[in-house]
Structure formats: structure tokens, C-alpha cells
Amino acid sequence: MDSRRSKVCGETACGFSTSSSDAKKRAASMRKLCFVVVLCLLFMSIEVVCGIKANSLAILADAAHLLTDVGAFAISMLSLWASSWEANPRQSYGFFRIEILGTLVSIQLIWLLTGILVYEAVTRLVQETNDDVDGFFMVLVAAFGLVVNIIMIVVLGHDHGHGHDHGHSHDHGHSYGERAEQLLEKSKEIRNINVQGAYLHVLGDLIQSIGVMIGGGMIWYNPKWKVIDLICTLFFSVIVLGTTIKMLRSILEVLMESTPREIDARQLEKGLMEIEEVVDVHELHIWAITVGKALFSCHVKVRPEAGDEMVLNKVIDYIWREYRISHVTIQIER
């Protein structure tokens with residue numbers, strides 16, 4: 001009969017409590033989102049007025065896109081706030097996946113609005129309206145929008161790659177303090193998914209502003225080329241949709257509990273098999289509760305003479321050192 005023992009992280013929430021470092025990162029993300037919301041509202045008001053005056057669908061499309069951005073940022077802030085709630089017996093993993101759901105809603109808003117704009121542009125192309133489009137106004141507004149979007153991109157993206165996950169104070173049967181510095185240097189660089197979603201929104205606006213500015217310049221040069229306004233709307237709507245694909249893929253991978261892309265499951269299993277006392281590894285599972293928070297579990301068959309505690313420590317040490325996974329559940333089998 002096999003002798004079996006399990007070992008999980010020593011603290012109650014085990015990687016899902018609201019640590020002080022997580023709270024600081026959430027607060028920083030909230031400040032960034034609040035700032036871009038204010039900028040979006042101000043610039044959106046300007047675009048609505050100027051878009052009507054210039055009779056430019058492209059400008060109005062950008063204004064509508066900004067309105068969606070404001071709603072998306074609000075959802076992101078709500079998600080950040082909710083993710084700070086502590087785990088409880090019913091929600092044992094906490095509320096981190098609210099971030100995933102919030103970002104998913106944000107992406108759906110982009111798709112909905114883009115579909116409406118494409119429909120309006122196609123309608124104008126088919127009907128061949130004779131309304132004039134003010135190219136100068138298009139260039140002026142788009143240039144201002146370009147500056148605003150660059151500011152927002154700098155605010156949202158200046159800390160790209162510095163969102164390390166430092167909240168690891170779990171008792172795994174031995175101390176990691178001696179090499180904490182080296183481990184932190186090797187940590188995966190992951191941004192808050194809500195800030196990343198906002199970043200994609202603003203990037204889409206930036207691309208659209210460039211397109212409107214180029215199209216406006218051509219219409220300003222020759223007013224008969226007003227069809228460019230509609231072509232710009234269609235072309236850049238496709239680009240905006242394209243910016244959401246990568247984020248949507250990450251969301252679906254989390255919801256499907258796929259192995260995170262940054263972790264090679266075969267290589268991890270190979271590393272475990274290289275531990276001297278390990279005979280076999282099976283029932284290996286790696287998934288993420290949200291982007292950047294991975295979980296791991298497996299069954300490890302060991303040699304009869306091997307000590308359970310020693311093997312557990314070696315396995316957990318390897319997973320932590322090489323993959324920075326703090327939430328680990330191991331079952332020892334003989």
C-alpha cells in the first residue's frame with residue numbers, strides 16, 4: 001500500500017491573499033486609469049464638437065471609440081477594486097478573475113462599437129452623400145488627439161516590465177531568504193491585465209488618430225477625396241479589432257485553464273524527473289487564476305528510502321526557483 005502525503009502552501013490563502021505589494025500595484029494602476037479617464041473625457045468632448053463641425057465620420061468614430069474607452073476603463077477600475085477583496089471559504093481563490101471578466105467585457109464593447117461604425121461607413125459609401133468634409137479640421141483634431149494618446153500611452157506603459165510578483169511569504173518547510181534577491185531578478189515581467197487592456201484601447205486610438213490625420217490631410221489637399229474619410233474609418237476599424245486579439249487569447253487561455261505560455265510543462269516535468277529521489281511524475285497540472293498568477297499540482301512517486309519532507313522541499317524549491325510558482329500542491333507516492 002502506498003504511503004501518501006500532500007503539502008500545500010502554509011498560509012490560508014496561499015498566494016491569493018491581498019498582500020501589501022499587490023495593494024500598491026493596484027493603487028498605482030487605479031491612479032493611471034483615473035488619469036486617462038479624465039483625458040479621454042476632455043478630448044472626447046472636443047472631438048464630438050469638431051467632428052460635427054467638420055462633418056467627419058472618422059472623427060466621430062474616434063470620439064465614439066473614446067466613449068467606449070471611458071466605459072472600459074471604468075470596468076477595469078471596478079475589477080481592480082474587486083480583486084482586492086480577501087479570499088473566503090466560498091471564493092477560496094479570491095476575486096482575481098474579476099479582472100479577466102472585466103477585460104473581456106471591455107473587448108466586447110470595442111467590437112460592438114466598431115461594428116456600428118463600419119455599418120455607418122458602408123452606408124455612406126453606398127448612398128454616396130454629397131456632404132462636404134472639412135479636411136483642415138480633421139488634421140487639427142487628429143494631431144491634438146495624437147498628442148493626447150501619446151501622453152496616455154506613456155502613463156499606462158512607462159512601467160512595462162516592472163510588475164514583478166513579490167508576494168511570496170509561504171512556509172514550504174525551508175527558507176528561501178538566502179537567494180531572494182536572485183529569484184526576484186529572474187521573475188517574469190507581467191503587467192496588470194486591466195492596465196494592459198487600457199493600453200490596447202489607447203494604442204487603437206493612437207493608430208486611428210494617425211489615420212484620421214493622414215486622411216484629413218488628403219481631403220484638405222483635394223476636397224473631392226472625401227471618400228477617404230470613410231475608407232479611413234473602415235481600415236482603422238479593422239486595425240483596432242486586431243489589437244484586441246492577443247488580449248482575448250490570453251483571457252480565453254485563463255478561462256480554459258491552459259498552461260501559461262511562459263511555462264514549458266514538458267521541461268518542468270523533465271526537471272522534476274532529474275531529482276535523484278524521484279521515480280515518476282504524473283497528474284501534472286499547471287494553470288492560472290489570472291494572468292501572472294500560476295498554480296501547480298502533481299503526484300510524485302519517490303524511492304522507498306527517500307524522505308517525504310526532503311523530496312517535497314526539493315520539488316517546491318525547483319518549481320519556485322525556475323518558474324516562480326508559489327502556489328504548489330504536491331502529493332508524494334511510493
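Start at 1 and count along the chain as shown; that gives each residue its number.
Heads up, the Cβ atoms here are built off N, Cα and C, so glycines get one too.
Taken from Swiss-Prot, the feature region 'Required for zinc-binding' applies to 158-174, supported by similarity to another entry. Feature annotation from Swiss-Prot assigns topological domain 'Cytoplasmic' to 1-31, 78-97, 157-199, 246-334. The feature topological domain 'Vacuolar' is assigned by Swiss-Prot to 53-56, 119-135, 221-224. Sequence annotations record features per position, and here Swiss-Prot assigns transmembrane segment to 32-52, 57-77, 98-118, 136-156, 200-220, 225-245.
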Where among 98-118, 200-220, 225-245 do we find the most Cβ pairs under 8 Å to the transmembrane segment (136-156)? 200-220
Answer key: the stretch among 98-118, 200-220, 225-245 with most Cβ pairs under 8 A to the transmembrane segment (57-77) is 98-118
Grab the same-chain neighbours of the transmembrane segment (225-245) for me: Cβ-Cβ under 8 Å, and only residues 6 or more beyond its ends, written as numbers and ranges. 56-58, 61, 65, 107, 110-111, 114, 117-118, 120-122, 124-125, 131-133, 138, 200, 203-204, 207-208, 211-212, 214-216, 218-219
Return the average pLDDT for the topological domain 'Cytoplasmic' (1-31) as a whole number. 56
The topological domain 'Cytoplasmic' (78-97): DSSP-derived helix, strand, coil residue counts: 7 helix, 0 strand, 13 coil
Which residue counts does DSSP yield for the topological domain 'Vacuolar' (221-224) in the helix, strand and coil classes, in that order? 3 helix, 0 strand, 1 coil
